[in-house]
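Have a look at the structure below, then the notes.
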Amino acid sequence: MLILLTGLLLGGTYTLIALGLTLQYGVARIMNLANGETLVAACFVTFWLYTGFGIDPLLGLLVIGPGAFVVNWLIYTWLMQPLVKRASNRGMLEVDSILATFGLLFLFQGLMLQAFGGSYFNYEFLAQPFSIMGNSFGLNRVVAFVAAAVIATGLYVFLYHTDRGTAVRAVAVDPRAARLVAIDVRKTAAFAFALGGAITACAGTLLSTFYTFNTSMGVIFTMKALIIVIMGGVGDVRGAVLAALVLGVTETLVASLLDPGLTLAANYALFIVVLLFRPQGIFGKRPA
Amino acid sequence: MMNIPRNELLALGAGLAGAAVLAFLPLVTEGFWLSLSVNIMLYAAICTAWALFSGPTYLVSLASAAFFGVGTYSVAIFIDVLPFPALILIAVVAGALLATLVGLATLRLSGVYFVIFTLGLAELLGQIVTWVQTNFGGTIGLYVFTDFTETHLYWMLLALTVVVFVTGWLINRSRLGLALRIIGNDEAVARHVGVDTARTRVILFAVSGAFIAVAGAIMAPRYGYITPDAAFNPMTSFLVVIMALLGGTRRLWGPLVGVVPFTVVMDFISGHFPNQTAVIMGLAFLAIVYVLPDGVTGQLETLFRRRRSIDKSLPATTAEEGR
Amino acid sequence: MLRRSFNVLMLSAALAAGTFSAAFAQDPVRIGVSASKTGPLAGGASGVLWPNIKLWAEKVNKAGGLKVGDQMRPIEIVEYDDKSSPEEAVKNIQRLATQDQVDLIIPPYSTGLNLATAPLIAKYGYPQVVSTGNANDLDQFVKRWPNTFWLLGPAQGIADGIVGTLKDLRDAGKIGNRVAVVNVSDAFGLEMIKTGKPALKQAGFDIVYETSYPLGNQDVAPVIASAKAANPDAFIAYSYPPDTFALTEQAQLQKLDVKAFFVSVGGNLDGYGKRFGAAANGVLIMGGVNASDPVFQAYRKEHLAVTGQEADWWASPVAYASLEILQQAVEHVGSLDKQALNKEIQSGTFKTVIGDIHFENNINNNNWTVGQWSDGVVHGVRATGNIQGAQPPVLKPAWPSN
């Protein structure tokens with residue numbers, strides 16, 4: 001039971017990490033390698049707001065989320081759209097966006113390095129025991145889990161029960177067909193990219209309450225997110241959530257029962273299994 | 001094989017002559033310029049080997065660090081019991097084997113999965129090596145003491161680069177090369193005319209992986225002390241992709257055109273702005289993407305083609321037709 | 001052409017002094033550094049190495065410069081980022097030696113990069129005074145490269161320190177025999193566990209739980225849960241900064257109440273004491289300092305004033321000491337002759353912020369190995385060799401409930 005709960009909490013953390021990327025990659029078709037840097041940048045901003053101005057990280061979300069939305073919207077319209085326009089097929093866009101976001105990765109990292117230096121940072125926030133069924137967990141992790149659940153549910157309702165959300169899903173499935181039914185693909189993609197960035201930043205804010213972070217850590221988060229996104233099916237919110245939870249529980253199982261040294265190996269084993277049997281993702285439909 | 005066009009023979013001759021000239025470099029300089037040349041030669045070998053596979057297949061492999069690390073460890077583990085040439089052989093086998101396994105598992109699937117999987121491969125191997133060493137090996141760092149100097153490393157890497165080039169040239173002229181070009185142009189067509197696409201890719205991936213592993217083996221003496229984080233450094237994979245794409249992967253010599261300016265410019269930046277390296281590198285990168293979309297060679301070819309724009313019959317394999 | 005001087009430090013120091021004294025008319029002594037500013041090692045290097053270089057350079061220049069013979073020469077730092085990669089590190093050393101032709105070299109951060117650059121630094125004859133790395137087979141290494149000097153001593157000493165402390169506590173009847181030991185599975189953690197575990201067994205301890213976890217893993221709840229289930233009397237973690245924090249937080253949350261709680265790298269950071277406050281009281285850490293030494297206290301103040309960040313309670317003063325050793329070696333010898341400097345460092349005695357240092361076979365055998373947090377300060381409780389000022393360890397109180 002303890003293992004399951006710990007695993008689910010970890011899965012919640014992973015959900016946060018992966019949701020933003022699944023929108024950016026699935027809908028806007030940008031494989032954003034700077035995703036992890038966005039997350040770490042949010043960690044730093046949260047740290048700065050909290051220790052410098054005494055702004056509660058949960059309140060900080062209200063500033064950081066919209067801020068990241070605007071920044072990412074600008075990034076998409078200024079930097080990514082030219083690539084989308086010039087790419088003649090998805091393969092080319094993939095290569096171009098990998099290269100461009102790789103540049104962004106360095107740029108962000110460099111800027112953070114200038115601003116904060118390379119040392120480790122952390123701060124104490126809600127590091128109190130919170131008891132669930134007789135086991136005690138960090139309140140900060142529980143809060144992050146609840147936030148992940150809220151964000152995922154909100155996103156689900158938005159995507160599956162609003163017109164705008166349906167448009168986003170349509171673009172994810174087929175941009176060309178979406179255009180035929182009078183969806184402004186460009187705007188929708190920009191919106192999805194920005195929303196993805198905002199969610200990633202919120203994830204960073206929440207993660208910073210219980211993780212120690214430094215400037216160079218972004219790539220770790222990007223990797224995790226990519227694995228989850230692929231496992232869940234690109235652009236599929238339900239799949240990403242499920243994949244994240246499965247991954248969290250598996251890792252905790254392996255760490256508790258086998259050996260914590262094998263968690264990453266378990267990660268990949270799971271990844272390969274999914275690839276071999278459901279290459280289109282957990283919920284994905286096999287393309288015709 | 002009999003009817004080799006004259007211009008290819010010329011290129012081959014020029015290449016060999018160039019290599020011969022480069023072999024004299026250590027006699028002229030040692031110290032910093034030699035070390036820089038070792039780095040250039042290292043990436044020249046790896047990037048060209050990388051492009052052997054990723055160029056024609058359009059599959060971006062981020063597994064270079066994994067192969068590199070496997071080669072490094074082939075040397076580190078057996079350095080005390082076997083002579084160096086045998087270690088190179090082990091690296092070849094280990095690299096090819098790993099590539100074959102990975103290829104069989106992922107190459108049947110489409111591009112994205114391959115990219116992600118290879119991205120994690122280095123990390124995975126690093127962790128497995130660590131785990132094995134923790135549980136069975138005792139120490140995690142392995143000493144590699146040899147009497148090799150930078151000059152020796154340079155010569156070995158130069159030789160490797162030449163071998164990679166010759167192999168690439170031979171592949172292009174062989175049935176395998178033909179099969180690859182067909183797959184690259186249209187996979188469905190390739191399957192229809194009876195090309196075993198998966199097998200072709202796996203073979204090529206194995207060749208490419210083996211070369212990168214050898215590069216890792218050659219570099220092991222320079223590290224001196226091998227740890228998983230250094231041997232399986234994921235940065236290696238990214239740098240290789242960047243340099244090769246900068247040069248362009250549609251020509252065998254394309255990556256080389258990327259490696260040299262990239263290494264020199266990066267070195268200039270890190271030498272002059274040690275505190276702003278990341279920012280400048282990021283900006284340089286974005287500039288490459290927006291200004292040189294087809295890489296240096298692509299740019300050259302476009303220029304070339306514009307001059308002869310009347311000659312429409314030129315079989316220009318542009319990216320648009322690529323898929 | 002490919003030269004780049006970093007005169008900023010020198011200039012600011014000169015301006016602070018109010019005037020360009022006659023000393024600054026001299027040619028500066030150029031000192032090269034190649035260490036990590038980016039990549040995985042940047043976290044440690046920017047906490048420990050870079051600030052001390054800044055502090056030292058500023059202090060020396062403020063005092064009129066480095067005394068070379070009868071001249072006072074300002075120092076100038078030439079710095080490069082090795083991006084945490086051996087290739088870059090090797091190239092940077094080449095650049096420093098052959099392009100910049102620096103007079104002295106401050107070696108990189110971490111064991112791995114020091115070992116990787118040693119052959120080259122040796123080729124050019126520079127003394128390599130290593131303050132941020134150690135390994136188990138140092139004797140072998142020193143024989144090969146007699147210009148390397150190891151301030152932290154062999155890994156054995158550091159790993160065994162906590163075992164000795166636990167043994168003392170147990171023999172005094174204060175703690176039981178059950179120990180849980182975990183380690184991060186990277187070069188450092190493995191070196192430590194390799195000597196720490198046999199030492200525990202030899203001391204007759206019962207290892208009731210042991211495991212390793214990957215570097216960078218901050219989700220250590222299962223580790224602490226399993227350790228707690230084994231009901232140990234003492235908990236040892238050979239850990240790194242991110243997981244050191246995570247382990248402590250989880251131990252506190254899950255109420256892993258042991259009489260001795262030991263963490264490694266990261267526990268020595270000033271931020272550790274700030275982060276955990278009263279909960280840190282009684283936590284044992286790797287390394288340590290003589291906190292009541294006025295020389296060290298003055299150093300801490302200067303460190304904060306000049307670099308804007310706090311010195312840590314183990315590695316910072318050691319890094320600073322390595323620079324003081326270079327400085328004093330030059331003063332003793334009276335020139336920048338590398339061979340003479342190597343000889344002097346091999347045989348001389350140096351007054352540093354961590355006390356008098358004398359290398360035996362190029363290895364410093366007097367090191368703090370265990371410290372203990374007490375109201376925001378770390379007191380050394382155990383050391384190798386003949387270091388004075390160790391305080392008796394106290395049992396860890398139960399984690400405060402907040």
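Keep in mind that glycine also has a Cβ here, set from the backbone N, Cα and C atoms.
Note: TrEMBL annotation is automatic and uncurated.
Long-range contacts of the transmembrane segment (A:30-51) within the same chain, counting only residues at least 6 positions beyond its ends with a Cβ under 8 Å from a Cβ of the stretch, are 17, 20-21, 24, 57, 60, 63-64, 67-68, 72, 76, 80, 93-94, 97-98, 101-102, 104-105, 107-109, 112, 115-116, 121-123, 125, 193, 196-197, 200-205, 207-209, 211, 213, 215, 217-223, 225-226. Residues or ranges marked as transmembrane segment by TrEMBL: A:30-51 (among others).
Sequence annotations record features per position, and here TrEMBL assigns transmembrane segment to A:58-79 (among others). Non-local neighbours of the transmembrane segment (A:58-79) in the same chain are 28, 30, 38, 42, 45-46, 49-50, 100, 104, 143, 147, 189-191, 193-202, 204-206; each lies 6+ residues outside the stretch with a CB under 8 Å from one of its CB atoms.
Residues annotated as transmembrane segment in TrEMBL: A:99-121 (among others). Sequence-remote contacts of a segment are chain residues at least 6 beyond its ends whose Cβ falls under 8 Å from one of its Cβ atoms, and for the transmembrane segment (A:99-121) they are 30-38, 40-41, 43-44, 47, 75, 79-80, 83, 212-216, 218-219.
Long-range contacts of the transmembrane segment (A:142-159) within its own chain (CB-CB distance under 8 A, at least 6 residues past either end) are made by residues 8-9, 12-13, 15-16, 19, 58, 61, 126, 130, 132, 165-166, 168-169, 199, 202-203, 206-207, 209-210, 237-238, 241. Under the heading transmembrane segment, TrEMBL lists A:142-159 (among others).
The annotation transmembrane segment is assigned in TrEMBL to A:189-213 (among others). Within its own chain, the transmembrane segment (A:189-213) has Cβ neighbours under 8 Å at 13, 16-17, 19-24, 26-30, 32, 35, 38-47, 57, 60-61, 64-73, 75-77, 80-81, 84, 120-123, 125-127, 138, 140-141, 143-144, 147-148, 151, 155, 164, 168, 171-172, 175, counting only residues six or more beyond its boundaries.
For A:225-247 (among others), the entry in TrEMBL reads transmembrane segment.
Annotation source TrEMBL lists transmembrane segment at A:253-277 (among others).
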Outside the transmembrane segment (A:253-277), six or more residues from its ends: residues with CB under 8 Å to it: 3, 6-7, 227, 230-231, 243, 246-247
